[in-house]
Amino acid sequence: MELFRGVLQVSSNVLDCANDNWWCSLLDLDTSDWEPLTHTNRLMAIYLSSVASKLDFTGGPLAGCLYFFQVECNKFEEGYHIHVVIGGPGLNPRNLTVCVEGLFNNVLYHLVTENVKLKFLPGMTTKGKYFRDGEQFIENYLMKKIPLNVVWCVTNIDGYIDTCISATFRRGACHAKKPRITTAINDTSSDAGESSGTGAEVVPINGKGTKASIKFQTMVNWLCENRVFTEDKWKLVDFNQYTLLSSSHSGSFQIQSALKLAIYKATNLVPTSTFLLHTDFEQVMCIKDNKIVKLLLCQNYDPLLVGQHVLKWIDKKCGKKNTLWFYGPPSTGKTNLAMAIAKSVPVYGMVNWNNENFPFNDVAGKSLVVWDEGIIKSTIVEAAKAILGGQPTRVDQKMRGSVAVPGVPVVITSNGDITFVVSGNTTTTVHAKALKERMVKLNFTVRCSPDMGLLTEADVQQWLTWCNAQSWDHYENWAINYTFDFPGINADALHPDLQTTPIVTDTSISSSGGESSEELSESSFFNLITPGAWNTETPRSSTPIPGTSSGESFVGSSVSSEVVAASWEEAFYTPLADQFRELLVGVDYVWDGVRGLPVCCVQHINNSGGGLGLCPHCINVGAWYNGWKFREFTPDLVRCSCHVGASNPFSVLTCKKCAYLSGLQSFVDYE
């Protein structure tokens, strides 16, 4: 219960108007352990006791109030002042002054001969808010005063009823036990599990509290269970509850307090990984359809290994490797994946370069820090190293001073090398080694399909829940020695749920379409440069359209008006989706030295059954490889469908499609 406090001034003129009822009052005052009351002091004691007696049997807003009244002498002038500490279920800042003045003036009306009224001055802060710390005010100020400074005191608060007029107790050097203010009315304390005995502790014992405190605790736990940490999320989850709380000033304050406690509990008392896991495991069974899994497979990473590392990293169990760095060109899914993970945690912050003086203004008190398009300047390199390494540090905040930042996981996305430290117009690699020791780098090199869309929290929860349910043996073998570059995919260790394209070993099965391996190998490259390969206006079909089986539509021949989809256009989330990137040995293909051609994997080297003729991946890799070799010898012959018959060379030079197809990209960059 909130206890308000204030002061009533009683001048000497009021006592001059005392009538016979006041002077001749027969009210019994127990002064056995108190200084004797004489003259006007006795009048004030009678007046205070009369007010307390009337308050005990009154109704209206003052019904059931807790009160503590103490009258004292003025120091510098004649007269008295009364300290009033009062609170009840019907009292609030709006009616406090009216109720207190009405109570005291109603009693005073029958004790004076003239119409005299007292004015109540409530205790208020500099911002105009009422003090609600009556309990602390009694304990730390009023009860420490002794006679003769105190004339009289009355109260109905358990623990102070007998001690408030005990001079021996007040003169004690310290109290044996802090009295506790009963915060319930009638049977409320027993319902809430509190004891109403004298001398109990202020802090509830064994986690028990009042109905209001238990309700507030339940609200905080509900926010954490439903992953509600912002007002906007609260409105979406339970708009009715939010509206009811927002209808009053105290309810609005309760909303802010509950959200702060829920965020603190989620960031400090509960592992962050619990918010990244799905509660219903049945919804994570079809993991091969997960967008994040497809994205990681596209980027040549094992989704299981990456997911298990993310779970360790988000719980700050990776030691100094406190940072994930997604590095690569634009449109490869870096920021998409980073923001999906960030939106799944309770609360995340971002490094903001709009104000270079306070880039880490939004880092304190967060579960995760997102550093998009990161760049490190010499002025903040030491603070950056501490944050990236998960070490506690202090950062400056705008108009707030410095604030402590504990170890917080960091995810970085960038197109450039963040290990370069920028100082003015110069860059240095002095800190590169120290920065790399704090990061795990994932290279995103393959452009994503425009059909991918944004990754959602459900995708993250499905992916990480599946990873958490699998064996951690593969991850533990790598985690023994953390490396700067995250290890690429290992076909032998890939989980069976992720192997969507099994390798064909039966030599009796021919390639699709009834074509021979030689015809399919020869035509695969020409499908890459077919006139319709760059036609982006025609919608793609889920059914593959057969390409040309020979080079009839190649450069120099007439162009067919029929739009023919290339084989690489049908690829979705595979390394072959970026056909115009030069192949990397050991990443995109393995060289078969015996037969002198590239194959898709080690198992197809020197394959007696002719792996190239049976595996479609080997055919695509061979066509891709031969295409780059062809471009080296004929760099100016290949044109896109729009410029096959173009006579103006500038039209070809400015066409990005022609540049990719003909190998003119290096020439254009040079010029």
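We number each residue from 1, going along the chain as drawn.
Positions of Cβ are set from backbone N, Cα and C atoms, glycine also.
In this view, Y141 (active site, for nuclease activity) is surrounded by 13 other Cβ atoms within 10 Å of its Cβ, with every protein chain counted. Reduced to three states, the DSSP call for Y141 (active site, for nuclease activity) is coil. Under the heading active site, for nuclease activity, Swiss-Prot lists Y141, citing sequence analysis as support.
Annotation source Swiss-Prot lists compositional bias 'Polar residues' at 533-548.
Positions annotated as domain 'PV NS1-Nuc' by Swiss-Prot, on the basis of sequence analysis: 1-186.
Annotated region 'Endonuclease' per Swiss-Prot: 1-176, in sequence order, evidence recorded as experimental evidence.
Within the model, the motif 'RCR-3' (141-145) shows a mean pLDDT value of 88, rounded to a whole number. Under the heading motif 'RCR-3', Swiss-Prot lists 141-145.
Annotation source Swiss-Prot lists motif 'Nuclear localization signal' at 177-180, citing experimental evidence.
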